[in-house]
């Protein structure tokens, strides 16, 4: 992997990432985009969504606090981005939880071509059509649940899929990569998944032609930043971890990523191959 | 009081608390729920509100940035929660400030049975029908204003009422409990009252049958966490206090609460009885 | 300048500043208002906007995440504030970026008399009718771009204009003042401009008759607080800077401002005159 330099590209180009995200995490998403080196835009009015694609370099759609108006805005910006070749990332927060969200995700995936779908195992399992609540989708097969879910979502929607968890999995349906960086404290702060999908937007903005690799880089960078945040001795809980995470995203260097990355590639017969050179 | 273990119950059960809250504090409410051990859900679309009650274990309605659509969502989720026996908490932010809010609160209290109403003295005085702006409702009686307001709201709406202040008062109209834990810095951070109503949701989710006691436990836990946050030597003002409060909610133990709680029960003839065994 | 005491006035009077702001920064705007000593109100429903002017002492309109409903609310509260003589501040976030925003700003400025327009150079250049994207509006003239933009906006709209940047410029079209306080880290945190427009609201609330001076005081106080935040040795990046900024706004004293202020007045022939007595 020679494109560890994507982080530096973001910091040189400051790509504008337009996020329609949920109102719980909008501030953290914007600040994490700034910290990684991108320019956040967070407009939501349907009336300006088409025009936004005139200068946005990636679009992130997050359905956390979806409403009818927000869905309308997402469809407009998504279609316009497709026409202009701007990458679209979908974060189907709470995806399968209600029929309303199920239908919204279905419409979005029908009307908009997305380069990347990213979510936690439960959200992505819904898209994969597997029953995550049973927590037994892969019992007896030896496969990691998250891995299978990522592969199925990628295959089903002909896209790249990223499933966050203790090990993150990114798959394009052919190749699957596992990222072991990160920290459990990420689960104790709201919106850390939303921040990751935003950061994926920043990485895809500077390399939209290899979505799998851009997404792996994004997940690795974010996971390493989380480890740096955790290693800060002033961190006493989720409040200070969140502050420290923002600092770590800002201070993150290619060297930090190179030194700490813990990435595994899975080939067709499912054996692991380390990729930490 | 033997149910100090409610905190541990929350941490074991991770009850899902669904909050329709205001956009100013949504992030802090979600993070404080995570910190205390609950699972936050923050959906707002009327279309999914009925379904949400299929898995929510408490509903918190906060009118801080109310709109017509949000009120509609609150009525749907409130009525559905009533049918399923899920506790509903109302935080009437700015309750009496405008006619719009007065009417919204009136509709909510007419259409939805609420187990708990919680707010500051000004908001609750409006509901009690007393003139708080005069700051003299109890002059000459020796009674504490907040106490009288809590009792009146509880009596008037046949519910439990919690009035936050230097001393918090929780009343079911018969029994009133004062909680002296807390810190003045709570008044210097926006949304600390909204976080408390969210946390009351977490406590009621694990013990909905004794709302008075669950609410007293919630107020005590929150007040003790605020004291722990204040005692953090790194706290230099409201910014760092807010971070420290989130850490303290996360690190809070039953022992902390037992050691620091400062709770008084008022019997019918208004004499105090300490309850810090 | 003898009205350095505006800060103390705010802390004594706790003026209620009503902000219709964007959902990304609403929490930070409210907390920065509390930290400086004001009372934030953040209601957004059109139905209560007229009534809000019965107790608000300044109105801040920020179009960051504008929608049709929010614009309607802004027009109602703006007109009502004009009738009651309450100062109105406009922060045209992303002002020229889309036609939707251009039209919204145009309607707002036509329907509402604003005492102060405040934004960054790009946003204000749009209002000035100059091409900021060329970054060459003043090439060869020796004038500072931000200064010219502030003067043009002030002249064009018969108002006070504040352009934030490395040097902030405040102009009423006749007199222009440059404020050199501040810190580059302000550009790494979302909403720091929105916080400044909120704080301008607090200063105008306690002295609405000399908008130029009140705004200069607000910008100076904010810039000095940013310097104090940066000088905090615990600050490691934008996450901790933001926390420290909130603490600094809270701890800020007239003496801090007096000791650190770096303000220059420009007279008609554009020579500078220091104003740091």
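Each residue's number is its place along the chain shown, starting with 1.
Here the Cβ of each residue, glycine as well, is placed from N, Cα and C on the backbone.
Database features, via TrEMBL:
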- A:42, A:191: substrate binding site (BINDING)
- A:118, A:164: ATP binding site (BINDING)
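Here the features listed in TrEMBL are placed on the structure.
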residue : record                 : contacts (Cβ under 8 Å, 6+ apart)
A:42    : substrate binding site : A:18, A:19, A:20, A:21, A:26, A:29, A:30
A:118   : ATP binding site       : A:89, A:90, A:91, A:161, A:162, A:163, A:164, A:193, A:196, A:197, A:200, A:215
A:191   : substrate binding site : A:24, A:25, A:28, A:29
Exercise. What does DSSP say about residue A:164 (ATP binding site): helix, strand or coil?
Worked result: strand
For this session: Determine the Cβ neighbour count for residue A:164 (ATP binding site): the number of other Cβ atoms within 10 Å of its Cβ.
Result: 27
For this session: Check each of A:42, A:118, A:164, A:191 (the binding-site residues) against chain B and write down, in sequence order, those whose C-beta lies under 8 A from a C-beta there; write 'none' if there are none.
Result: A:191
